[in-house]
Amino acid sequence: MKSLMDPCCQRCAHRPETPCREYLRCRTEGPLCHDDEQCRKARLERIEAVEGATPAQRPMQNLIHESRRWRLLLCAGTGCIASGGAPVVAALREVVEERGMSNQVAIVLTGCHGFCEQGPIVVVEPGNTFYRRVSAADVRDIVDTHLIGGQKVDRLLYRLPGGEAVASYPEIPFYARQHRIVLANCGHINPEDLGEYLARQGYRGFLKALAMERAAVIAEVKRSGLRGRGGAGFLTGQKWEFTADAPGEEKYIVCNADEGDPGAFMDRSVLEGDPHAVLEGMLVAGYAIGAREGYIYVRAEYPLAIRRLRTAIAQAEACGLLGENILASGFSFRVYVKAGAGAFVCGEETALLTSIEGNRGMPRVRPPYPAVKGLWSKPTNINNVETLANIPHILRRGADWYAAMGVGRSKGSKVFALTGKVNNTGLVEVPMGLSLREIIFAIGGGIQGGKAFKAVQIGGPSGGCLPESLLDTPVDYESLLEAGAMVGSGGLVVMDESTCMVDIARYFLNFTQQESCGKCAPCREGTKRMLEIVTRITEGEGRLEDLEALEKLAAVIKDTSLCGLGQSAPNPVLTTLRYFRDEYEAHIHDQRCPAGRCAALLTYRIDADKCRGCTLCARRCPVGCITGKPREAYAIDETRCIKCGACLECCKFGAVIRR
Amino acid sequence: MAECRCRRADQQKDQTVHTGQTDHTVYTGQTGQTDRTKRETEKDRRLAALLEKYREERGALIPLLQGVQEIYGYLPGPAMERIARTLRLPAAQVYGVATFYAQFHFAPRGRHVIRVCLGTACHVRGGARIFEALRRQLGVEDGGTTADLRYTLESVACIGACGLAPVIMIDDDTHGRLTPESLPGILARYE
């Protein structure tokens, strides 16, 4: 028996076409149809080899798989691959081979650990040692010093701001305060191995659902208080109920994996790191609602996610967890992957459905809601990736367990993509209701380069920018809405003093204006006008009445747009106007950009007294507009300067002055 | 080009139709006339097989357009007309859908597509400077292709690797934590 998915012996009768009812339990609890100590032991060993990865649950030392002493987890997520992960994998395989340790070391390629900033990441088990920024050259040290010599490689360990090294994964502050449910498997299992998912209690939620009445499954999800993680926060159980109650035999489940929000990448990590969790969520939803087919609509920009999903679907089909008569229950379900074609608006549910049907991804008026009239005019339930990935946990551990987390009407945990000018960027999963301050400072480790915090942008183009005075706002659906922002997809972009808020408003308007599908005038024309006004302000041509016009336009666009894209498009402008009005006023009245960002309002020159003629700025200048003689003062030709600020950043003597 | 790989995966089941190779040499004029004709016939064969596969499928238009772009590297006019005829759709609708999505192109593209992320995180961390540097270095505007068809430069809204901002993607490779100085070295790796 090589994998958990293999039959234990001749007596195993399970085939996808003639499924065994006890198949899943059999794989994780040992054979149930025959009594064989040999088969049972082999199964448990396979499970322990994977399960041991949960540090808190079991002390690994007792459970190391006999033949493999070490388990090396290498992140194969997009982030770590981009940071140079592939050569590390290759080098590790080579060194392990060279040392003749192939049968002692299991090299496991996992999904994203979420701490992309520190990639490529290598975790050594047992002991949960976390090595960061590992290069191919470091691999020999890990094998020789750690695996053979029993000493940790100090220089590769994560360091606290004070310089103290932290060896163990769960003790790193970034992880210590998180509460990982959806991300629990990401980085700990091989996403391309169904056996590993099963060993971590995978498909147990679905198993439980199958034993329940359909209505009871929906009631359980309702009771958990889970709300849509795609942004709008509608009660998931209720949505399921609507679709289940809608008349019609043919129904569909759609997984919205069109993560187009700039600054959010949690769906990508879940799809890449734990694709079976999404499939399991879809299976549960399909069973509860009475659907026989499911679609996953994924962004074409996520090739790795698409590949892993297809692998997961093929594996589940091969052992009868997808397809006809699943586990002899009479329930049949198939899942198809649809690659998007690059349109932000396709994240909106009605637009997404039209796109699957092969049309331009334009939204339509609701009602009728997709629950009644969706894909090919049949009742359709659409859930976001993260929502679906929560479902297996809710079924397995119960609604009460889930509802005990969070605050008020926001239950459970939420994954945030923490990015921008913060020290620890990455994916953060926390119980709902934690304050922004805790997320940004305790988990995120504060602002880069010791600069001052200015704002945090939440929820992408639909969200808003919150100032320092609101840092103690609990992160939940209601509180954020009240502050003028939105949980949205869960992007948290931290901005420091060098970010101009008017420029940020312009950035988001430019985005929504470009991505507007053009079907309705308020969104198509309104955002265009707003962009024109804000652009004018950033160029120092703003007028006093502009702010009023912006507010008026924003109100109309919010009220009259057809879909969520337009209705929320003015949010970034409205929140920046609400909390950073002084910056707009400085641009309009004084033609000055307080953050020193808006290029049209800046001039660069060199202070001749301070310049030592080191030539660095002249070499860095991308347009070659800085001239002079070495060891004499240099000068900037303002007519040719593109105001990129490269000279300011590289000058060691503080001679470049920006105004 | 990110789309390429996913569509390759899409078509893995159908090995006989797709080799998974995007052949860009045709546009560079580096090959002889016979080779070129041979390749064109091969492409036409792949196109015919693709059209046959999707003839009766619902919602086939977008996957079909993706498949055609995979074969030719862009959407040539005659192929668009054949799609319309096969699916029995007005050509206006086929063009209407193709022009709606950012993924589709109507002119040959470079051998390597450079996508510069201008998402929020990259914007905050200086993505615009990376774009500007590339624009100057390659001498093309957003969406433009260099005369030697080596590179196509594109700005995109978000690549989803925000932790590494600023980020670019060349073909399927993501490059992060960039500075304008690191660009020439990276570009040189793509012939």
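For all residues, glycine too, the Cβ spot is worked out from N, Cα and C.
Every protein chain considered, the tally of other Cβ atoms within 10 Å of the Cβ of B:C162 ([2Fe-2S] cluster binding site) stands at 32. Among the features that TrEMBL reports, [2Fe-2S] cluster binding site is placed at B:C117, B:C122, B:C158, B:C162.
Taken from TrEMBL, the feature compositional bias 'Basic and acidic residues' applies to B:1-16.
According to TrEMBL, the compositional bias 'Polar residues' annotation covers B:17-34.
Residues or ranges marked as region 'Disordered' in TrEMBL: B:1-41.
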Name, in the order they occur in the sequence, the residues of the same chain whose CB lies under 8 A from the CB of B:C122 ([2Fe-2S] cluster binding site) and which sit 6 or more residues away.
-> B:I130, B:C158, B:C162, B:A165, B:P166, B:V167
Only counting partners 6 or more residues apart, tell me which same-chain residues put their Cβ under 8 Å from the Cβ of B:C117 ([2Fe-2S] cluster binding site).
-> B:G127, B:S155, B:V156, B:A157, B:C158, B:I159, B:A161, B:A165, B:P166, B:V167, B:I168, B:M169
Within 10 Å of the Cβ of B:C158 ([2Fe-2S] cluster binding site), how many other Cβ atoms are there?
-> 28
